[in-house]
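Peer 1: Please read through the structure below; I'll follow up with questions.
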Amino acid sequence: MQLMVFVDHAGRLFPGINHSPWNGLTLADFVMPFFLFIVGVSLALTYKRLSSGIIATRKAILRALKLLSIGVFLQGGFIHGLNDLTYGRIAIAYLVAALCEIWLKCNDSVNSVLSLLRKYRYQGAVVFFLSIFYLCLLYGLYVPDWEFQIPNVPPKTYLVKCGVRGDTGPACNAVGMIDRKILGIQHLYKKPIYARKHECSINSPNYGPLPPNAPSWCQAPFDPEGFLSSLMAVVTCFVGLHYGHIIIHFKDHRVRIFQWMSLTCFLVILGLILDIIGMHINKPLYTLSYMCVTAGAAGILLAGIYYMVDVCGYRYKISFLEWMGKNALLIYIIATCNLIPVVLQGFYWGEPRNNIVIFLLPFPI
């Protein structure tokens with residue numbers, strides 16, 4: 001939560017920590033995977049003992065609907081965050097992982113890493129299927145030429161030339177094509193992240209005017225939380241679920257940390273190798289390499305906090321972070337509705353424009 005609040009506001013001051021325009025990884029790109037990861041960890045703890053699968057399923061569906069409703073509310077109304085489309089994706093990931101945790105657990109006893117994998121082998125099969133299905137669509141679907149219209153006076157129509165398979169650039173990827181087919185191009189986000197690329201902005205990596213001879217796709221809409229990319233977001237939640245299983249079935253601190261760090265190293269190394277061979281780390285597409293690296297980073301953070309709090313006993317010194325974790329939903333809503341800068345602007349000297357926000361930032365939030 002603290003990372004999200006920081007990058008949402010400081011990202012305008014320091015473009016280097018703002019979301020990467022396309023390929024690559026910045027500090028802001030860790031926020032969503034960290035959310036999904038910790039949702040998975042909490043699911044393992046929530047459903048470790050079930051009195052009734054039916055009752056647990058009803059609760060999981062209800063919680064997912066609440067998350068989805070909050071996401072819709074935050075995108076509409078008088079005060080809303082157009083960029084904050086994340087609760088819908090979190091709701092989907094939560095529901096899929098929760099249902100699998102409720103219904104796809106075997107009764108095997110756990111006393112080793114292999115027995116842990118056997119107990120949750122059906123969940124592993126779901127992860128494998130989602131990953132393969134995502135890769136097949138991303139690299140196998142044919143993306144034809146397509147058009148979009150900018151509502152100027154008169155409206156202007158642009159043609160994006162594609163006719164390719166397996167392209168992972170902004171213009172001709174399968175993620176965008178699926179969203180255009182299902183949602184309709186008029187319902188996609190009109191200010192995509194790739195508009196900050198150097199081909200599309202003279203102020204790159206910030207938004208800015210189009211450079212001369214900018215490609216047509218620079219102004220094309222793109223959904224940052226699309227259908228296909230959400231499959232890998234679900235996988236991130238399953239990775240967190242596995243880390244939570246380690247907490248449940250292994251009680252020794254050293255065993256927990258060793259297993260976490262072993263999996264973390266595997267994920268990070270795999271993600272970097274995939275990036276090197278051409279499957280680039282990319283948040284808008286939520287590529288497999290991006291999932292591996294960010295989930296591994298979340299594992300490092302979990303192991304570090306666990307060591308500080310549960311092993312070394314530094315709970316009091318980070319109690320503020322614990323409070324933020326317990327009130328994550330409230331803090332997210334406050335941050336999304338920009339209530340923090342609104343409140344801070346109420347403290348000024350002389351005249352309203354001399355407020356704390358203007359003092360801290362060279363331009364309004």
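From the backbone N, Cα and C atoms, a Cβ is placed for every residue, glycine too.
Just lifted these from TrEMBL, have a look:
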type     : residues : note
TRANSMEM : 30-48    : transmembrane segment
TRANSMEM : 60-80    : transmembrane segment
TRANSMEM : 86-104   : transmembrane segment
TRANSMEM : 125-142  : transmembrane segment
TRANSMEM : 227-248  : transmembrane segment
TRANSMEM : 260-281  : transmembrane segment
TRANSMEM : 287-309  : transmembrane segment
TRANSMEM : 329-350  : transmembrane segment
Peer 1: Under an 8 Å Cβ to Cβ limit, what residues of the same chain, 6 or more beyond the ends of the transmembrane segment (125-142), are close to it?
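Peer 2: Non-local partners: 96, 100, 104, 163-166, 168, 173-175, 177-178, 228, 231-232, 234-235, 238, 285, 287-288.
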Peer 1: By a Cβ-Cβ criterion of under 8 Å, what residues six or more beyond either terminus of the transmembrane segment (30-48) are in contact with it?
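Peer 2: For the transmembrane segment (30-48), the list is 3-4, 7, 56, 86, 89-90, 93-94, 97-98, 101-102, 233, 236-245, 247-248, 283, 290-291, 294-295, 297-299, 301-302.
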Peer 1: So which residues does the transmembrane segment (287-309) touch in its own chain, when a touch means Cβ under 8 Å and the partner is 6 or more beyond its ends?
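Peer 2: Sequence-remote neighbours of the transmembrane segment (287-309) are 25, 29-30, 33-34, 37-38, 41, 131, 134-135, 138, 168, 232-233, 235-236, 239-240, 243, 253, 256-257, 260-261, 263-268, 270-272, 274-275, 279-281, 315, 318, 321.
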